[in-house]
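Q: First the structure, then my questions, so here it is.
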């Protein structure tokens, strides 16, 4: 039990610094070199697809079985017997909640992008994409994306433009990313087995670090002051540790209410992972015409690695 607590605390510290460094390093050192940018895009795209496989294994091989097991305990204590797939229903409620949050944010932004994705690395509509519309989380300033072709254009808004035009828009974006991260942290904090904590941490670390890099590149592109960028980065980076802390608090409480809360929150967090996997990662990465088979290989590799880790007892 002590080892599990230590593992979760290390996850809190690790996630905070991974996201903080991912957000701030581009602001400090990145140079607007298009050749370098395109090379980085391929590497980041493969890492993102690998993370998609990690999330698939995390959701279906770790989270869903854990929710089913915990739910069975709760129903037994409450003397309730049912064959209804409650675990799957709770998880889908989390999925729909995440979709609603995305659409709520996009209503304020009045545009079409996905909730949080890495399309910042290829925000122009060109021959490399099957989609008529590109969807950056935050595009570059003056309508040009970081990785846009000379004649390309972006439908996104930069951090700088958002902060100038409407503080509410910038706050809505930070809120969306923060809420998203809190639920990922909750899933970590509520785990009761070491191998599930490790496998979940790997998936969250890969995805959230890449998202942090995307955010950092946009802040660098918009020439945001380092102090302002640091405030934004610290806010977003603190959300996963906050979620882990909430999960630890719920997990340490005894009794039926804490067990019910644990089941509900783990299920809702599982729905968030479903959204991340299919809407943010796979839908965006597999629509690109380049390196499709290589991406599928990395997707399967990510799943295989984490599915194998589920069998390891830590």
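Glycine residues also receive a Cβ, built from the backbone N, Cα and C atoms like all the rest.
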Q: Could you tell me which of the ranges 65-85, 86-106 is annotated in Swiss-Prot as transmembrane segment?
A: 86-106
Q: Are residue 292 and residue 64 co-located with respect to the membrane, according to Swiss-Prot's topological domains?
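A: No - Swiss-Prot names a different topological domain for residue 64 than for residue 292.
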Q: Taking 4-24, 43-63, 263-283, 293-313 as candidates, which has the most Cβ pairs under 8 Å with the transmembrane segment (86-106)?
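A: Comparing 4-24, 43-63, 263-283, 293-313: 263-283 has the most Cβ pairs near the transmembrane segment (86-106).
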Q: Is the transmembrane segment (230-250) in contact with the transmembrane segment (4-24), using at least 3 Cβ pairs under 8 Å (sequence separation of 6 or more) as the test?
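A: They do touch: at least three Cβ pairs between the two stretches lie under 8 Å.
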Q: In terms of Cβ proximity under 8 Å, which residues at least six beyond the ends of the topological domain 'Extracellular' (251-262) contact it?
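A: Cβ under 8 Å, 6 or more out: 70, 73-74, 77-78, 189-190, 192.
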Q: Over the span of the topological domain 'Cytoplasmic' (284-292), count residues by DSSP class, listing helix, strand and coil in order.
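A: The counts are 3 helix, 1 strand, 5 coil.
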